Amino acid sequence: MPVQPVYDGEAVAERGEVVPRVSPGRWRSMPSGLRSRDVLRHAVNDGLGWLVRVPGRVLRAVGRGVVVGFRAWRRWVRVRDYREAAAQSEKLADKFVEIRALTLFRWKVTGAVVGVAAVAVAVGHLVYGSVVLWGLAGVVAVALAVAGRRKDGAPGRKAVLGGPRTLTWTMDAQVLVDAFRDAKLIGKDESLRLVERATRVGDGWAVTVDLPATRKAVDVIKSRDALASALAVDEVQLIVERVRGRGGHAGRVFFWVADEDPYAGPPVRTPLVEVERWDAWQAVPFGRDARGRRIDLPLVWTSLLVGAIPRQGKTFAARLAASGLVLDPYARLYVFDGKGGKDWDAAEQLAYRYVCGDELTQAYAVRDHLVELVAEVQARYARMATLDDAVCPESKITPAMSRDVELGMPVTAVIIDEVQVFLESPIREEVGGKKTTLGAYIADLLTYLVRKGPAAGVVVILATQRPDSNTIPSRLRAVLGSRFALRVMDWRDSNIVLGEQMNTRGYDASTLLPSHKGVGILRPDGETDAGADLVAMTVRTYYMPNTDWRVICERGRALREAAGTLGGHAVGDDAARPVDSSAVVGVLGSGAADAWTDEVPELLAAVIDHLGEELYERDFVPTAELVEALEVDAGTFGREMGELGCPPVRQYVPHGDGVRRVRGYLTADVRAAAGLADEIGSDGSGRT
Ligand SMILES: Nc1ncnc2c1ncn2[C@@H]1O[C@H](COP(=O)(O)OP(=O)(O)OP(=O)(O)O)[C@@H](O)[C@H]1O
């Protein structure tokens with residue numbers, strides 16, 4: 001049989017020379033992993049995308065050229081420059097005849113040029129045929145396209161950004177550069193350097209860029225809104241992060257653009273429902289970020305403040321944090337619910353201390369339990385000092401110590417929902433011979449627990465629907481480690497929850513959407529892994545409705561029963577432990593001395609007594625009302641109030657069908673004069 005010649009050889013995978021669209025310098029600086037097929041594929045995609053877009057671009061440029069040309073001709077023929085110069089020197093009337101003559105002349109020139117051109121074209125057409133027409137059309141089109149081309153820095157949005165921009169920028173890096181310029185994040189003559197080309201990550205596109213020298217990644221994060229606008233996506237779709245650590249630097253930004261609203265989908269159920277037990281020392285699964293990454297929240301060693309306007313998922317978030325502790329049989333829970341609903345009643349079966357309601361008796365109960373716990377923290381420190389180094393290497397609780405029932409130092413969580421109910425209580429209280437209010441006393445006890453408690457195994461979780469500066473005193477806020485702000489009313493409230501000036505760093509919880517229940521900005525404690533890399537992040541909490549919460553609490557009780565750790569309220573033992581209250585007052589006094597009220601002047605005390613709860617609810621109280629209620633002389637009252645630091649102000653109050661302007665006092669001034677207010681406005685928050 002005839003056979004084909006047989007060749008001897010070796011297969012060699014030969015790579016064609018890839019000519020990248022990126023410049024050689026940029027190409028060399030790319031990580032080697034990127035100089036791969038992916039890059040070639042992107043380059044081909046880019047090339048094809050560019051080719052497809054060329055005809056449209058040219059047509060648009062010609063269109064713009066026609067407009068530009070027409071406007072230039074109209075300006076010329078109407079002698080606009082001469083006319084404007086004359087108008088400016090107020091000689092328009094004098095020059096009127098001259099301008100008219102010039103206008104007429106230019107019209108004539110236009111007519112002559114058009115006439116000559118038409119004749120020339122007609123003759124050319126007669127002599128050489130239609131090739132002249134085509135040639136001329138080509139030349140004119142090129143001239144118009146050049147005149148109408150997009151120039152850098154031209155005002156208005158780039159036409160190329162119209163339509164589905166999320167995809168456009170992934171194919172054409174120039175669009176990205178334009179977006180950065182539009183958002184004023186880079187200058188007109190500056191450009192970006194792509195560290196990694198746009199790649200598909202989750203349900204969106206991710207890209208890492210290097211900013212020009214001297215431009216900072218933090219500024220991009222700050223101006224996330226402007227960038228989102230330039231890319232025509234909603235802010236919630238755009239995640240901007242600084243690339244830190246290895247491979248990162250102050251000018252390297254990673255950003256990710258979701259295809260659609262990442263929080264629009266159905267909420268994800270908490271994984272803790274499926275878990276038999278949990279270790280309180282492990283971070284609790286808290287939620288997911290926009291990219292769907294799981295965000296865990298460490299609780300031991302830190303504390304948590306959750307703030308939001310009503311119905312945004314505050315209780316849900318606090319319960320999520322609590323559920324990790326519920327499922328650890330060695331953790332002890334103090335649950336105080338200022339709302340008094342059924343949100344927390346499932347926790348009653350396992351709580352060591354449980355208070356539910358907003359009455360005065362409940363506020364006293366909370367106070368007493370906190371005093372007991374402060375004393376316990378002191379006792380724990382004293383005991384730790386006597387322990388062997390092998391058991392307690394530092395003056396800090398360890399996981400083994402917290403699980404040693406004999407030692408009696410379990411991880412203890414104080415969870416207070418609607419904490420403002422207790423913190424705002426204006427009831428007068430005398431502590432260690434000093435006059436204060438019940439609310440201020442509770443704030444001091446909490447401040448001590450948040451500051452000194454973590455090392456002794458105490459975790460404080462506070463939730464409030466009134467995150468204003470009066471509710472959570474700044475001395476307490478300052479020591480709360482982790483913060484979670486769901487939607488709030490304005491940037492001031494957001495800063496109160498998240499920390500000073502967080503809005504200027506690009507984190508403002510008032511911009512979250514009302515429909516995004518359970519979505520908030522989490523600022524984890526600086527000591528956590530997440531905190532080291534990120535200042536804050538937007539998180540959607542896991543969904544844990546009441547039914548799941550009940551299941552978790554029942555499991556928590558069963559675990560405690562099995563471990564023999566059930567105690568306190570859960571077994572019907574609410575008896576207060578004997579406490580050395582003078583020792584408690586001693587430690588509080590040293591920690592928050594500045595917050596204590598000294599003798600409140602009698603006149604102010606009378607005003608405060610008259611106002612009661614309204615001292616915090618009302619902004620303004622008319623002088624007439626106070627004079628009548630306190631039965632004092634108006635003149636003397638006004639003078640004394642002024643001396644006490646309460647100047648009278650005039651405000652409009654409802655009167656009959658309309659309003660009337662009357663003299664009176666701001667309750668904020670009264671509170672400040674009585675030493676009841678904390679440092680109002682310390683974070684830029686305005687007062688009434
Ligand atoms: N992660 C979530 N995903 C989806 N929906 C949620 C999520 N968290 C909370 N919600 C919804 O938000 C509603 C309000 O939640 P929650 O009761 O926690 O609000 P709240 O801020 O505590 O309100 P209030 O101030 O009235 O107590 C819940 O009924 C729930 O349906």
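Just so you know, glycine gets a Cβ as well, placed from its N, Cα and C.
Just so it is clear, the model here is predicted, and its values are computed rather than measured.
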Segment assigned the feature transmembrane segment in TrEMBL (from 105-125, 315-335, 441-461): 105-125
Averaged pLDDT score, the domain 'FtsK' (290-495): 90
Residue among the binding-site residues ARG311, LYS314 whose Cβ has the most other Cβ atoms within 10 Å: LYS314
Residues flanking the ATP site, with Cβ no more than 8 Å from the Cβ centroid of ALA308, ILE309, PRO310, ARG311, GLN312, GLY313, LYS314, THR315 and excluding those residues themselves: GLN465, LEU486, ARG487, LYS517
Per-residue Cβ crowding (10 Å cut-off), top of binding-site residues ALA308, ILE309: ALA308
Packing count at GLY313 (ATP binding site) (other Cβ atoms within 10 Å of its Cβ): 24
Listed in sequence order, residues with CB under 8 A of PRO310 (ATP binding site) and six or more positions away: GLN465
